[in-house]
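Student: As annotated by Swiss-Prot, topological domain 'Periplasmic' applies to 1-12, 59-68, 114-120, 173-369, with the evidence given as sequence analysis. What Swiss-Prot records for 13-33, 38-58, 69-89, 93-113, 121-141, 152-172, 370-390, 407-427, 431-451, 459-479, 482-502 is transmembrane segment. Among the features that Swiss-Prot reports, topological domain 'Cytoplasmic' is placed at 34-37, 142-151, 391-406, 452-458, 503-655.
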Amino acid sequence: MGIFSIANQHIRFAVKLACAIVLALFIGFHFQLETPRWAVLTAAIVAAGPAFAAGGEPYSGAIRYRGMLRIIGTFIGCIAALIIIISMIRAPLLMILVCCVWAGFCTWISSLVRIENSYAWGLSGYTALIIVITIQTEPLLTPQFALERCSEIVIGIGCAILADLLFSPRSIKQEVDRELDSLLVAQYQLMQLCIKHGDSEEVDNAWGDLVRRTAALEGMRSNLNMESSRWVRANRRLKALNTLSLTLITQSCETYLIQNTRPELITDTFRELFETPVETVQDVHRQLKRMRRVIVWTGERETPVTLYSWVGAATRYLLLKRGVISNTKISATEEEILQGEPVVKVESAERHHAMVNFWRTTLSCILGTLFWLWTGWTSGNGAMVMIAVVTSLAMRLPNPRMVCIDFIYGTLAALPLGLLYFLVIIPNTQQSMLLLCLSLAVLGFFIGIEVQKRRLGSMGALASTINIIVLDNPMTFHFSQFLDSALGQIVGCMLAFIVILLVRDKSKDRTGRVLLNQFVSAAVSAMTTNVVRRKENRLPALYQQLFLLMNKFPGDLPKFRLALTMIIAHQRLRDAPIPVNEDLSVFHRQLRRTADHVISAGSDDKRRRYFGQLLDELDIYQEKLRIWEAPPQVTEPVKRLTGMLHKYQNALTDS
């Protein structure tokens, strides 16, 4: 396919984007809005953003959800701007500096919350800055300007959502159904690999792929939940299926590890059962029925605990999967599964990374302010706005430098493209609403094609072009103003890029160490006799951290194996029959405190000291278990955990 070719699957979204832009433009001028540009720009960004992220037409609900986040972020930003202006109207410089700090604060928050919701916080940061900069000459018009901006943005979002509904958005439900079947087959094949106890690299690749697919399925669940309220029952089942899929991975990998020391635990009967190849979910269903009969015949005590747990989890997976596909009423058996343990939310391990993002955004905005005041350039405020926009949106993504480069390419492409519209197209079409709408529709259509291909600069070009062409009411054509706006965008992106290059993010290794220590803390916290704590489901949170570790350190198998071993230890200790008495309960609390100290330690020396203390306490704990005559189901996992911590002590304590 050529670089400028148009694929059939890209046409529908390109028409949808063009329709959203035309609707916003028509409504903006029809109702005599002062700056219809904001409505058009909002419609374009809300519609094109999810398509750029997805690399194609977004699924149903994605545009609607992004629109809601933009409304929330805009309102938060407007309220913050009003508070800042009312409090500091007599000190304009201080007011702008506080806005720079506010933009940094919002970026810090957006780095810590879920990636789906971070857009609202990033938007609220630069919205406040835009309002404060715009009303510098007429501060008394702040409430009116904030209200107009909110109204125009809501209109733009409404147009994007309406265009999405008009062109029958894709439903993700069929993809979810197919992935559920495929995932169960892959889970069975992973257990086959683990029972064969073959090449460790092949097993690592298999479980790593399943972790990614399970995380992707959770993302599909979020999309399905946004799509329609009729998928509420499917959403509940998919939440439980996420935990079951992670449980299957854990039990398979534990089966592999057990065979390193005790291969005789896996009997020939089960080895023969798992030798049968499977291709479809029906094959898996037949095999599970055979296994359940074998387990009933041999007895639970004669069945390895990992296989027994795996078969039970796979059976529950099959039951819930059928419910998701049919979307029928939840049965009593399903309700019992769904009313399982409460899921514990993950605590962010990227606090240092978030602080780096705070300083990057704050410093770049302050640098833009100084540049504006020093040069007195009429479009210095435009440069400041672009700095805030780029840093607020770039910081929450894995590769901020590439986002900046995308914006730089986009603003450079917007200069000749905007020039064509400013000098030729708009002056010749402004007297006809039809021609004006058609000219903007052509722009939206062709950039919509490139956005779906994730062409570098396409998203930035769309936003930057709409921002600099004259879409105000009334239209005024001042070439110097156009040139200033276009150059201001380019300079702003350049300054943001320079700050990102200068303020280095060296938090990667620290984040990796914090993640590994959080796995250790989770394994230690599983040693408890507290009934409520034992019922907590930490598995989704632990695998979410493992997924982050895999993204931060691609290909680092030792880190992944260590993390997975800690997850297995957590699950095994959580189900272990620990003797219930006050002596052990007190010591459990002491172990948890020490593990928390390891995570929160501010220096390597403190961390090593607390880690050494944790190892000593684990040795004492093993002695206590011997005194209280704990069964092997307790003593063996604790011994394995202690051995792992001794082996990887340096990796867990050194920065």
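Cβ from N, Cα, C; glycine included.
Could you place the listed features in the three-dimensional structure?
Tutor: If you look at the transmembrane segment (13-33), the same-chain residues 6 or more away from its ends with a CB under 8 A from one of its CBs are 6, 39-40, 42-44, 46-48, 51, 56-58, 148, 151-152, 155-156, 159-160, 162-164, 166-167, 433, 436-437, 440-449, 451-452, 466, 471, 473.
Long-range contacts of the topological domain 'Cytoplasmic' (34-37) within the same chain: residues 24-25, 27-28, 148, 152, 466-467, 469, 471-473, each at least 6 residues beyond the stretch ends and with a Cβ under 8 Å from a Cβ of the stretch.
Outside the transmembrane segment (38-58) by six or more residues, the chain places 9-10, 12-13, 16-17, 20-21, 23-25, 27-28, 66-67, 70, 149, 152-153, 155-157, 159-161, 163-164, 169-170, 440, 444, 447-448, 451-454, 458-459, 462-463, 466-467, 471 with a CB less than 8 A from a CB of the stretch.
For the topological domain 'Periplasmic' (59-68), the list of distant contacts is 46-47, 49-50, 116, 119, 157-158, 160-161, 164, 169-172, 175, 223-228: same-chain residues at least six beyond its ends, Cβ to Cβ under 8 Å.
Within the chain, the transmembrane segment (69-89) has long-range Cβ neighbours (under 8 A, six or more residues past its boundaries) at 42, 45-46, 95, 98-99, 102, 117, 119-132, 135, 139, 142-143, 146, 149-150, 153-154, 157.
If one looks beyond the transmembrane segment (93-113) by at least 6 residues along the same chain, the residues whose Cβ comes under 8 Å of a Cβ in the stretch are 80-81, 84-85, 119-122, 124-126, 128-129, 132-133, 348, 350-351, 353-355, 357-362, 365-366, 369, 373, 388, 391-392, 395-396.
Same-chain neighbours of the topological domain 'Periplasmic' (114-120): 65-66, 69-70, 72-73, 76, 222, 393, 396, counting only residues six or more beyond its ends whose CB sits under 8 Å from a CB of the stretch.
Taking Cβ pairs closer than 8 Å, the transmembrane segment (121-141) reaches residues 69-70, 72-74, 76-78, 80-81, 84-85, 89, 92, 95-96, 99-100, 102-107, 109-110, 113, 149, 361, 365, 381, 384-385, 388-389, 392-393, 395-396 in its own chain, all 6 or more past its ends.
On the 0 to 100 pLDDT scale, the topological domain 'Cytoplasmic' (142-151) averages 81 in the predicted structure.
Beyond the ends of the transmembrane segment (370-390), by six or more residues, the same chain brings 93, 103, 125-126, 129-130, 133-134, 136, 361, 364, 403-404, 407, 411, 481, 484-485, 487-489, 491-493, 495-497 to within a C-beta distance below 8 angstroms of the stretch.
Assigned with DSSP, the residues of the topological domain 'Cytoplasmic' (391-406) fall into helix, strand and coil as follows: 11 helix, 0 strand, 5 coil.
Same-chain residues lying 6+ beyond the ends of the transmembrane segment (407-427) with a Cβ under 8 Å from its Cβ atoms: 386, 390, 394, 436, 439, 443, 456-465, 467-470, 475, 477, 479, 482, 486, 489-490, 493-494, 496-497.
Outside the transmembrane segment (431-451) by six or more residues, the chain places 6, 10-11, 13-22, 25-26, 29, 40, 44, 48, 51-52, 417, 421, 425, 458-459, 461-462, 465 with a CB less than 8 A from a CB of the stretch.
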Student: Of the residues in the topological domain 'Cytoplasmic' (34-37), how many are helix, strand and coil by DSSP?
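Tutor: Here the numbers are 2 helix, 0 strand, 2 coil.
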Student: Going along the chain, which residues at least six beyond the ends of the topological domain 'Cytoplasmic' (142-151) come within the CB cut-off of under 8 Å?
Tutor: 33-35, 38, 74-75, 78, 81-82, 85, 127, 130-131, 134-135
Student: Go ahead and report the DSSP secondary structure tallies for the topological domain 'Cytoplasmic' (142-151): helix first, then strand, then coil.
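Tutor: Secondary-structure breakdown of the topological domain 'Cytoplasmic' (142-151): 10 helix, 0 strand, 0 coil.
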Student: Take the topological domain 'Cytoplasmic' (391-406) and find every residue of the same chain, 6 or more past its ends, with a Cβ under 8 Å from one of its Cβ atoms.
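Tutor: Sequence-remote neighbours of the topological domain 'Cytoplasmic' (391-406) are 103, 106-107, 110-111, 115, 118-119, 122-123, 125-126, 357, 360-361, 364-365, 456-457, 459-460, 493, 496-497, 499-501, 505, 551.
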